[in-house]
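These come from Swiss-Prot:
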{"type": "DOMAIN", "residues": "29-100", "note": "domain 'KRAB'"}
{"type": "COMPBIAS", "residues": "112-127", "note": "compositional bias 'Basic and acidic residues'"}
{"type": "COMPBIAS", "residues": "128-137", "note": "compositional bias 'Basic residues'"}
{"type": "ZN_FING", "residues": "149-171", "note": "zinc finger"}
{"type": "ZN_FING", "residues": "177-199", "note": "zinc finger"}
{"type": "ZN_FING", "residues": "205-227", "note": "zinc finger"}
{"type": "ZN_FING", "residues": "233-255", "note": "zinc finger"}
{"type": "ZN_FING", "residues": "261-283", "note": "zinc finger"}
{"type": "ZN_FING", "residues": "289-311", "note": "zinc finger"}
{"type": "ZN_FING", "residues": "317-339", "note": "zinc finger"}
{"type": "ZN_FING", "residues": "345-367", "note": "zinc finger"}
{"type": "ZN_FING", "residues": "373-395", "note": "zinc finger"}
{"type": "ZN_FING", "residues": "401-423", "note": "zinc finger"}
{"type": "ZN_FING", "residues": "429-451", "note": "zinc finger"}
{"type": "CROSSLNK", "residues": "K455", "note": "SUMO2 cross-link"}
{"type": "ZN_FING", "residues": "457-482", "note": "zinc finger"}
Amino acid sequence: MAPPSAPLLEQAPGEVGPTRRRGRRPRALKFADVAVYFSSEEWGRLRPAQRTLYRDVMRETYGLLGALGCAGPKPALITWLERNTDDWEPAALDPQEYRRWVTFQRKTRTRQKNEEKEVFPPKDVPRKGKRGRKPSKPRLIARQTSGGPICPDCGCTFPDLPALESHKCAQNLKKPYPCPDCGRRFSYPSLLVSHRRAHSGECPYVCDQCGKRFSQRKNLSQHQVIHTGEKPYHCPDCGRCFRRSRSLANHRTTHTGEKPHQCPSCGRRFAYPSLLAIHQRTHTGEKPYTCLECSRRFRQRTALVIHQRIHTGEKPYPCPDCERRFSSSSRLVSHRRVHSGERPYACEHCEARFSQRSTLLQHQLLHTGEKPYPCPDCGRAFRRSGSLAIHRSTHTEEKLHACDDCGRRFAYPSLLASHRRVHSGERPYACDLCSKRFAQWSHLAQHQLLHTGEKPFPCLECGRCFRQRWSLAVHKCCPNTHNGSPRPLIGGPNQRSSAL
């Protein structure tokens, strides 16, 4: 037996021998073989530093392949990375996924063109030039300016419902990430994650100055301007300054008066589509924001934030005059009128003025005689819901809050707090004119009528006005007051005869 012409090489199991590679040229290395791709969800989870590192590595890799002569045509991924944008684009997909996406977009555009031809037949539009040329653009301009259904997302107006549905399909392709709670759609998953915090109540961003928490970083940045006092946005018409650009934009509509977005249900007009969308919830009854503590639902996120402070006990707005704290800025503004004496709400019947609109509405019930709060137990009616709540405690006899000093019990903690000032001698409400102090705000309000001369309780029969409600009641019960029979006192005829 002849010896072999060449020595046999020992091979490890699974190793390809040199005879198998003979006659084959190695395949050239491509950028797609070494590149790393991200879906929109994966890209949204990357931190800014990770995205910067990814851009540098991919560019360096493509440059090395070019030095080896293996670069080929510039990939769509490199073109996207060279723009240094943080917004995800389909170019970041795997090449096979990217080709499928391009095919899907091409079919979608073809379907939309066919639908537009059905909605807007081009028979009345003149054609010029070559055969098969598309109709001219004035037809599409009329599509946006004519009246009809309104898109709740962008505020555009369409001639009919099919055109609106076609527009919504295009919007859904641009914003493929819907919110499972309210249906609002977003272009990127990071925006959806940030939006869902409005429903869950999650607030990961904390203010260093006051400890207030926010669901978005930009809201924290806007809030921190409150501590610095900076108002960088100036109105060019009146010079007024604002902390937010959105507040300036809303303010400028007071100068122009422009409100192009109309509610199809009631005809009310708004300056922005977002305000129109919030308003339409009053017609639909939609309340997309839910409190996780008590399951109460709200139409606006700001209302949910203010409500949640009831559970947390947070009161971030202190009064600089008496150090009392409030859960919302509107309640602080209303409270400060107690110290300033400002009363912007006037009664059109008796010229009495009030610091709060709710107090004016309650006062006007004296003129109308309306008592809209009836007791379901005895049928007695009251002008105020608070008076009804206090009255109902007489039926249930449930008084859970006891005074530590005298043992007297109360149905509500506010009544207990007011009563305890009798023992402590605390008088937190001071008159600005004579410095006299009172334990209850209602006593201060009655005292201030002596300085202003105001008499907010009118007699409906003779027109005479009184400073206090009980003075009006005594006036009505006096004999021959209105040239008629005297009205009985509250205690009945026996008490009245004994008093005489």
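Placed from the backbone N, Cα and C atoms, the Cβ positions cover glycine too.
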Could you give me the DSSP helix, strand and coil counts for the zinc finger (345-367)?
11 helix, 4 strand, 8 coil
Should anything in the same chain at least six residues away from the zinc finger (205-227) have a Cβ under 8 Å from its Cβ atoms, list it; otherwise answer none.
194, 197-198, 243-244, 314, 316
Ranked first among 177-199, 261-283, 429-451 for CB pairs under 8 angstroms with the zinc finger (401-423):
429-451
Among 177-199, 233-255, 429-451, which stretch has the most Cβ pairs under 8 Å to the zinc finger (457-482)?
429-451
Around the Cβ of K455 (SUMO2 cross-link), how many other Cβ atoms lie within 10 Å? Please give the count over every shown protein chain.
17
Mean pLDDT for the zinc finger (429-451), rounded to an integer?
82
Could you put numbers on the helix, strand and coil content of the zinc finger (289-311), residue by residue per DSSP?
11 helix, 4 strand, 8 coil
